[in-house]
Amino acid sequence: MGKKHKKHKSDKHLYEEYVEKPLKLVLKVGGNEVTELSTGSSGHDSSLFEDKNDHDKHKDRKRKKRKKGEKQIPGEEKGRKRRRVKEDKKKRDRDRVENEAEKDLQCHAPVRLDLPPEKPLTSSLAKQEEVEQTPLQEALNQLMRQLQRKDPSAFFSFPVTDFIAPGYSMIIKHPMDFSTMKEKIKNNDYQSIEELKDNFKLMCTNAMIYNKPETIYYKAAKKLLHSGMKILSQERIQSLKQSIDFMADLQKTRKQKDGTDTSQSGEDGGCWQREREDSGDAEAHASKSPSKENKKKDNDMLEDKFKSNNLEREQEQLDRIVKESGGKLTRRLVNSQCEFERRKPDGTTTLGLLHPVDPIVGEPGYCPVRLGMTTGRLQSGVNTLQGFKEDKRNKVTPVLYLNYGPYSSYAPHYDSTFANISKDDSDLIYSTYGEDSDLPSDFSIHEFLATCQDYPYVMADSLLDVLTKGGHSRTLQEMEMSLPEDEGHTRTLDTAKEMEITEVEPPGRLDSSTQDRLIALKAVTNFGVPVEVFDSEEAEIFQKKLDETTRLLRELQEAQNERLSTRPPPNMICLLGPSYREMHLAEQVTNNLKELAQQVTPGDIVSTYGVRKAMGISIPSPVMENNFVDLTEDTEEPKKTDVAECGPGGS
């Protein structure tokens, strides 16, 4: 066997010296948790220590072999001492390695600062803002996030300006967008979810009004409105109240507000508020219960209880007000003859248009109900009817004959470029009708010679004389002779009228017989038109004012017809607004009617029945027949206009 070579002393710790110890990093993220990361893998560290242990075991085996070979050496105590020394040396080496590793970890560990990082600061500020928000604001923000998810293109995120959409401010008077709604939520301008719902509807309807139905903005607004109404429906809001904590808090805060209001208005408000709080606690307990049916039943019971208590409170308040009035206020019985027909549930009514009577079909003042009165504004489509346009295939276009003048024998005689019938059919049409139907007067002799001199006219007259055997010239002579006689007759009539007007004296200086003659003369000069006679100057002024108002109304109607009959531009869906002339005429009519109404009593303008009908008061039929006067019936004979002179007191 060959001789074993001993390892050199420098080779014993070669692996331990050149293998670098792994670096460890200590990271602190947010809280107090510490994670350790090492540059070397854990397997590498374990392999390092395993190699050391194997190396020590290998030494022990060698020592055992040596001991077996040194059995002849006497003295077991010496062997024990050697073993103890070696074991102590091993322990010291291990302690030294562990101390060096701890020092390396301390050198590589980062310095931990006491200042918190930036992210926890921002998160804490956001939490503070969330804590400061009311439950209603949190609920509205939650709904806004759901609504904005339905607008992926962000069409409604920011306000629309006239630079983006021309004429937007003229058409849309109340703009709305998501950013404005968020600002309102931040400023706590919304008092309920219904106000947010109304603004959302306004935003979608504005986009549908300004844009045409075929645009992407119109379709996006319609889709957003459909999905948003589902999000803002009562069922979805109730489910949110059961699933989200701050929605339940929103319900509690509403009840607390209602309780404080009722406590301030009534005498026993404290008990009522405690009852409200108990009901709120019961409802919160019901919301926590797992069964949905029990929740609905509890909510229904609480609502019924709240309504009944509210009715009792209102009844007590009414009784107390009636007692405090000292007999001025009394309870009206239900079976009274007068009542409001258009009364709303909240007690309000509407004022209708003043009209004296209700005409029947066939009467002169009857106004039939039209479709525009019963239907509202068009939600989609255009505001004008489609104009009629004849199809080009239905129009017959014959060939066009050409004339180049002299020396054009070999030129083409007709042009069939735009013709849709053959030449034979065109000749048949020309032979039947003589000329083109669109231009019937182009071949007229007089229009053809309109710009010519006298000589062509003489030639044309002679040609017509030949055709009519002299009848054309005789007709021209008769026409020339009749014209001077008519002119002389009209001149004599004008001079006679001027003489009569200058010779007549003013009507104030004439007696009754001369006034009758003057009236008869006026009737003659007005060609038989009856002249209206006034009893006083005030009546004449009043009638002139009425005539002026009638003229203004006609002008206003003409201006409106002109505006509404014009075709609007294709980029506008809405109708054009009233012009300045229409506004001015309407203001003049209003002022004239106001002046006329100030000069008469209210009974001359409208009847008692008309006022009561406008207020919605129903009156029994016999009383109604005796109280109103029909102001719309036409008279057979012309009446003289009478003006009621009223004093300053209106009597």
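Cβ from N, Cα, C; glycine included.
Not measured: the values here are computed from a predicted model.
Checking Swiss-Prot for coiled coil across the ranges 472-503, 536-567 points to 536-567.
The Cα atom of Lys241 (SUMO2 cross-link) lies nearest to that of Lys197, taking the recorded sites Lys186, Lys197, Lys201, Lys307, Lys344 as the candidates.
A simple Cβ count within 10 Å picks out one of the recorded sites Lys186, Lys197, Lys344, Lys389 as the most packed, and that one is Lys197. If you compare Cα positions, Lys389 (SUMO2 cross-link) sits closest to Lys197 out of the recorded sites Lys197, Lys305, Lys307, Lys344. Cα separation, Lys186 (SUMO2 cross-link) to Lys212 (SUMO2 cross-link), rounded: 33 Å. Nearest by CA distance to Lys212 (SUMO2 cross-link), out of the recorded positions Lys197, Lys201, Ser482, is Lys201. Put simply, Lys344 (SUMO2 cross-link) is 19 Å from Lys307 (SUMO2 cross-link) when counted between their Cα atoms.
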